[in-house]
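Per Swiss-Prot, the feature GTP binding site maps to LYS36, GLY37, LEU38, VAL39, LYS40. According to Swiss-Prot, the 5-phospho-alpha-D-ribose 1-diphosphate binding site annotation covers ARG86, ARG111, ASP145, PRO146, MET147, LEU148, ALA149, THR150, GLY151, SER152, THR153, ASP218, on the basis of sequence analysis. Annotation comment: Swiss-Prot describes ILE212, GLY217, ASP218, ALA219 as uracil binding site.
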Amino acid sequence: MTIEDRGDAHVITHSLAKHTLSRLRDTTTEQVSFRKGLVKLGRISGYEIIDGAMETEFTAFETPLTETTGERVTGLDDVVIINVLRAATPFVEGLLKAFPRAKQGVISAGRDEDAGMDADGEFPITVDYVKLPDISEGDTVIVADPMLATGSTMCTVLDHVTDEMPAAGVEDLFVLSAVSAPDGLLRVGDQFPDADLLTVAIDDTLTDDGYIVPGLGDAGDRAFRTT
């Protein structure tokens, strides 16, 4: 398992994940390569979740030559992936390569840039659309958004997700990002202590406008070639 415990979060240290993130940060990486990079990062992250959080069991079966036993991952059919529109769309596409039978939910949420960040380092968040599947106690829930900056958007999204969860909770609740800022990790961790925060990188600087530095820019704009 290539995940490092960083106190407030678990950092994916897989070499290919770090390589892919470096490509995403690079301004010379054009739209198609950027989008494909997010897909790849989602798939790697999915495999890391399987390796680090899911159990296996031995099962009997037949090969073309004989009877034998082998390991199979349990819980692959009990995964719920929440796509925070729109930047997470290619990220989630990669997750679905690891969890092809996952149920999917979408939440369209974004911060009010015109209102700006308040004295507590939070943005007002607008939620335009919510569509979530049924969530059961045995489910592994993955809420995916490439950038976790102030944590304002993620906390709002998690409010909606946890409202749909059973009272007893779920098997695992992951908050998955490509790049995170310490302020956002602390905010999400404080408000949702049962969530496992999983990221590929933690960048130290958050600007007064709420952008992560060095970061990778606006993931949605770079993936969809919009400004």
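Going from the start of the chain as shown, residues are counted 1 onward.
Yeah, the Cβs are placed from backbone N, Cα and C, and that goes for glycine too.
Rounded to a whole number, the C-alpha distance linking ASP145 (5-phospho-alpha-D-ribose 1-diphosphate binding site) with ALA219 (uracil binding site) is 9 angstrom. Cα proximity to GLY37 (GTP binding site) (within 10 Å) is found for none of the binding-site residues ARG86, MET147, GLY151, ILE212, GLY217, ASP218. Each of ALA87, PRO146, MET147, VAL179, TYR211, GLY215, LEU216, GLY220, ASP221, ARG222 belongs to the same chain as ILE212, GLY217, ASP218, ALA219, is absent from that list, and has a C-beta within 8 angstroms of the C-beta centroid marking the uracil site. Those same-chain residues not listed among LYS36, GLY37, LEU38, VAL39, LYS40 yet with C-beta within 8 angstroms of the centroid of the GTP site C-beta atoms are THR20, LEU24, SER33, PHE34, ARG35, LEU41, GLY42, PRO90, GLY94.
All chains included, 26 other C-beta atoms sit within 10 angstroms of the C-beta of GLY37 (GTP binding site).
All protein chains shown were included, and the count of other CB atoms within 10 Å of the CB of THR153 (5-phospho-alpha-D-ribose 1-diphosphate binding site) stands at 24.
For LYS36 (GTP binding site), the nearest of the binding-site residues by C-alpha distance turns out to be ALA219; the candidates were ARG86, MET147, ALA219. Considering only the binding-site residues MET147, ALA149, ILE212, ALA219, the residues lying within 10 A of LEU38 (GTP binding site) on a C-alpha to C-alpha basis are ALA219. With respect to ALA219 (uracil binding site), the closest of these binding-site residues in Cα terms is MET147, chosen from VAL39, MET147, ALA149, THR153. For the binding-site residues ASP145, ASP218, the greatest number of Cβ atoms within 10 Å around a candidate Cβ is found at ASP145. Of all the binding-site residues listed here (GLY151, GLY217), the one with the fewest other CB atoms within 10 A of its own CB is GLY217.
Every protein chain shown contributes to the tally, and the Cβ of LEU38 (GTP binding site) ends up with 27 other Cβ atoms within 10 Å.
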